[in-house]
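Colleague: Mind having a look at this structure? Questions to follow.
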Amino acid sequence: MAPPAPGPASGGSGEVDELFDVKNAFYIGSYQQCINEAQRVKLSSPERDVERDVFLYRAYLAQRKFGVVLDEIKPSSAPELQAVRMFADYLAHESRRDSIVAELDREMSRSVDVTNTTFLLMAASIYLHDQNPDAALRALHQGDSLECTAMTVQILLKLDRLDLARKELKRMQDLDEDATLTQLATAWVSLATGGEKLQDAYYIFQEMADKCSPTLLLLNGQAACHMAQGRWEAAEGLLQEALDKDSGYPETLVNLIVLSQHLGKPPEVTNRYLSQLKDAHRSHPFIKEYQAKENDFDRLVLQYAPSA
């Protein structure tokens, strides 16, 4: 049975979240829609204006438009926006990443404003990019928002800690079972669980794609469900649709590399996707791991090469 479709969330007071459409678009990966909604929505308080701008600039980051964020967020901007700018600075300037992480380490060692959820999320995002999931989890653990918990679920699944991810998901379900983030986290955990749960995950991704839009995130989620069930041809159709939307999206390219191998495609097809991934995302974990394996192989070849 399909999950309930995302709908306007209301708090305990019964008030509809003014930013529901902005947040929902961001969470499902519809970044341009998020930007459009953020520029259109009229809000009731300066605090909501800041929250809207956080999602607006995070959507620009997701589109790799780092300059927009760096140019528009000023030193006088709210602390939440400064946190987004810090992540933009990290993503835009590879040569400055070590110093940005060192400064972040110093901030985290002091008293952190745990009510600034955006800072915790941006700190965790930087640590995750820096291949330090433990530090990312420590940052997220200080927050109690649904988004902090959803990101915790993602990281735990990357670490193959399905047991802990399930506990975090239970917390999300107790807090708001129908929230978009909770539904997505349910799909991620179901995908990692496998077996009969794969169909549950597929239904969640499909329902969101039908009700909202088939974003790259949702298409790759559906494709991953098919791949886990050995339905390679069905997965290929979804991945081609994703590729048509954005030929440089890393998850699509990684999934196509895996799929091409399983379908026995010619080596040049796989190599083409690999080259696209290297061109657009040379620091992607998949590329780093692939290059490490290549180097290991080259060392083995030299080790067993006949001596002159």
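Cβ from N, Cα, C; glycine included.
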Colleague: Just to confirm what the record says: which one of Ser95, Ser99, Ser275 has phosphoserine annotated in Swiss-Prot?
Modeller: Ser99
Colleague: Name the residue among Ser13, Ser44 that Swiss-Prot annotates as phosphoserine.
Modeller: Ser13
Colleague: If you count, for each of the modified residues Ser45, Ser99, the other Cβ atoms lying within 10 Å of its Cβ, which residue has the minimum?
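Modeller: Ranked by other Cβ atoms within 10 Å, the modified residues Ser45, Ser99 bottom out at Ser45.
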Colleague: Roughly how many Å separate the Cα of Ser45 (phosphoserine) from that of Ser99 (phosphoserine), to the nearest whole number?
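Modeller: For Ser45 (phosphoserine) versus Ser99 (phosphoserine), the Cα atoms are 36 Å apart.
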